[in-house]
Amino acid sequence: MAKQINVALIGNPNTGKTSVFNVLTGLNQKVGNYPGITVEKKQGVCKLPRGVKAHVIDLPGTYSLNASSLDENVVIELLLNKNDKDFPDVAIVVTEIENLKRNLLLFTQIKDLGIPTILAINMADRMKRKAISLDIELLEEKLETKIALISSRKNIGFDTLKDLITNYNQLSTKPCVNASSIAPEYFDRLRKVFPNQDLYKLWLVITQDVNFGKLERNEMQGVASFQTESKSNLKRLQQKETIARYQFINGALKETLTIDTANAKDLRSRLDRILIHKVWGYVIFFGLLLLMFQAIFDWSSYPMNFIDTTFASLSEWVKNTMPSGDFTNLIAEGIIPGLGGIVIFIPQIAFLFLFISMLEESGYMSRVVFLMDRIMRRFGLSGKSVVPLVSGTACAIPAIMATRNIENWKERLITILVTPFTTCSARLPVYLIIIALVIPEGRVLGIFSLQGLTLMFLYLLGFGAAIFSAYLLDKILKIRSKTFFVVEMPNYKLPMPKNVIITVIEKTKSFVFGAGKIILAISIILWVLASYGPGDFNRASEIVTQETAATNLSKEEIETKIASYKLEHSYIGIIGKGIEPAVRPLGYDWKIGIAIVSSFAAREVFVGTLATIYSVGSEEEETIKNRMAAEVNPILGTPLFNFASGISLLLFYAFAMQCMSTLAVVKKETNSWKWPMWQLFVMTAIAYVVALGAYQLLK
Amino acid sequence: MLTIASLKKGQRAIIKEFSIDVVPLKLLEMGCLPGNEIALVQTAPFHDPLYLNINGSHLAIRKDTASQIEIELID
């Protein structure tokens, strides 16, 4: 078998690099993470002529080899490490015709590393409309490379590109810019210390914190002395390097590229005039948000109901067909509902990423960042925090996954930490039933229902808590991260369905296999805690039958009494009673305590747990509501769910971190247990204090 | 001192010197270098951030960065 060719796709963001990757590899791709960090690693296989195969790796988009984010670091670390198994035999630098000059900066840097480099110029289909002409042969000569003029949208030029990959060993590896010509004195000194090293690679190692596989440790000490050179001195040299590169590029493009600027009046300026208008820009943005909400709340409720009933009947079926016993119960009551708890999130995640990827692909997202940056910055956030915060009202899980494009680590971390405050859809069932119980049905000014206003207040409270805690975190967190903000405003493009679909599939998969495992595990643990118990638990039916012997309850009523007794004496019941002293000052009893503990799996479990505890036997809302309304506080003798305890409970759910799935995702995204634990304790502490204060004031 | 932050919508200018320490390298690499042409395309409310065309690249930067870069107007 012929040797597989390692290919690295490198390019600026917005050049269509990922669509080139999608065309080359089709669905034959794999997405994982680089070890230890949450940067996505995308790789795939591309079939070349004559049965040769290429292993293609899609490196994160970067503007240059001078890394300013984790994603960009991945690029340079791979390109400097010859021993990496992914080290490319050939690099393809993807550029786009309209920004060729800027895109070529990265090309010259890659070529100077001595890696055989192909230049792929994308979006060739736009040339005619934009009156751009390019002398390819002359440009190939000037850059000493091979060029493939391609269009990933129209699928043009890929045969040429594949031929070039096959014949990569014929490419010239001569550098574009001689490093030592930038600052002769400095590089001469460098050469004297490291006579056998490539100067440009050395220079890259000196200017940033990357590992350099080829250098021995003792040699690195020599590098350190060059690093002590003042920071601004190094930066001045970097500026000189950039100027030298642009001089080279301008020289190469001067005779080869012509753009008829008269034709430049284009879609961009017309769309920009409306989409980032000082008034209409915001109106359109909020209109789009409304549509997105509609999709996430409303449209996804159909598949979610379907999933819910399917898993419920699957459980039922397993119970009825398999021989009864612990194993069947584990499957029917632990594993299947656990899996259901993962699958049920898929519609919301898919809808959210459908919208986000379309907005990103079209170039609109940069405009949102532009519109919102100033407002968000007051709270230590970035224009890029808007999408996560808004999508958090559907579900915090995809929202936290959507923070990845915030380059500034501090702004990103704050966004991740505060997003769970926004009112997610899992809080809704809890809010609805408690509001129905404790808030009177009257209207304000004859129009607004009090209950509706309460719900709106809870949503505003969620947003307020997120924004306010972001403000505090900005003051508290001492994280030094560069506060650069440079956002490219790309051309508007029609989203390509293939790219959008691949993104949706990828994000959904990453949720199901990443966070899903932890959700399943905790569901099973909760099931075990609720299904087993010491002592009296195992004699439940005996005890209940004795107690009810004198009464004439129906068989069903006795069954539900047994279930209720079992729950009370199960491990989780014991935990609930254990925490009762802690929740009593908030106006709750041990039953609500259990519901809160099991809400840790997912907040909406609250209603189901109370249904079991009150042995209603049915999850019909009205019956639970009536049963809850009749519940009496054993100490005070007043209704348990009164105005004070109801408000206290609402506030507790508004602030507490009770979602293991979110914690799992935060762990994955921040790569440490520190931040999810921080969220769990701080948010729950806030919830406790606020609920306590409210109950004590109102009772 | 005339800086990018003082540009009006549609105005064009040439970038002059700036202090290297306050301007991110990424901005230099995107074409913000002395001698290159720059134009203000649009601004967000409060004149921040600024949407610019620098050397043919369309980008947005914050006002505090923009006010560090000296320019000379083209009339």
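Positions of Cβ are set from backbone N, Cα and C atoms, glycine also.
Under the heading domain 'FeoB-type G', TrEMBL lists A:4-171.
In the three-state DSSP reading, A:P60 (GTP binding site) counts as coil. The GTP binding site annotation in TrEMBL covers A:11-18, A:36-40, A:58-61, A:122-125.
A:N22 (Mg(2+) 1 binding site): 22 other CB atoms within 10 A of its CB, across all protein chains. Under the heading Mg(2+) 1 binding site, TrEMBL lists A:N22.
A:T25 (Mg(2+) 2 binding site) counts 21 other C-beta atoms within 10 Å of its own C-beta, drawing on all protein chains shown. Among the features that TrEMBL reports, Mg(2+) 2 binding site is placed at A:T25, A:G26.
Per TrEMBL, the feature transmembrane segment maps to A:279-297 (among others).
Remote same-chain partners of the transmembrane segment (A:335-357), defined as residues 6 or more beyond its termini with a Cβ less than 8 Å from a stretch Cβ, comprise 292, 295-296, 299-300, 303-304, 307-308, 310-312, 314-315, 318, 365, 387, 391, 394-395, 397-399, 402, 425, 495, 499-500, 503-504, 507-508, 511-512, 515-516, 519-520, 523-524, 527, 601-602, 661. According to TrEMBL, the transmembrane segment annotation covers A:335-357 (among others).
Annotated transmembrane segment per TrEMBL: A:413-439 (among others), in sequence order. Distant neighbours of the transmembrane segment (A:413-439): 296-297, 348, 380-382, 384-385, 388-389, 392-396, 399-400, 403, 406, 450-451, 454-455, 458-459, 461-463, 465-467, 469-470, 473-474, 477, 479, 599, 602-604, 606-607, 621, 624-625, 628-629, 641-643, 645-647, 649-650, 653-655, 657, 659, 662, 666, 669-670, 675, 678-679, 683; these residues of the same chain sit at least 6 beyond its ends, with a Cβ under 8 Å from one of its Cβ atoms.
What TrEMBL records for A:445-473 (among others) is transmembrane segment.
As annotated by TrEMBL, transmembrane segment applies to A:511-530 (among others).
The feature transmembrane segment is assigned by TrEMBL to A:643-666 (among others).
The transmembrane segment annotation in TrEMBL covers A:678-698 (among others).
Here the binding-site residues are A:G11, A:G26, A:P60; the one with the fewest Cβ atoms within 10 Å of its Cβ is A:G26.
Under 8 Å, Cβ to Cβ, and six or more positions away along its own chain, A:N14 (GTP binding site) finds A:G61, A:E96, A:N99, A:G363, A:E488, A:P490, A:N491. In this structure, the CA atom of A:P60 (GTP binding site) is 16 Å away from the CA atom of A:T25 (Mg(2+) 2 binding site).
Recorded residues A:M123 (GTP binding site) and A:N22 (Mg(2+) 1 binding site) have their alpha carbons 15 Å apart, per Cα-Cα distance. Looking at A:G26 (Mg(2+) 2 binding site) and A:K17 (GTP binding site), their Cα atoms lie 14 Å from each other. In this view, A:K17 (GTP binding site) is surrounded by 26 other Cβ atoms within 10 Å of its Cβ, with every protein chain counted. Secondary structure from DSSP puts A:E40 (GTP binding site) in a beta strand.
Of all Cβ atoms in the shown protein chains, 25 besides its own fall within 10 Å of the Cβ of A:M123 (GTP binding site). Rounded to the nearest whole angstrom, the C-alpha distance between A:G11 (GTP binding site) and A:T25 (Mg(2+) 2 binding site) is 17.
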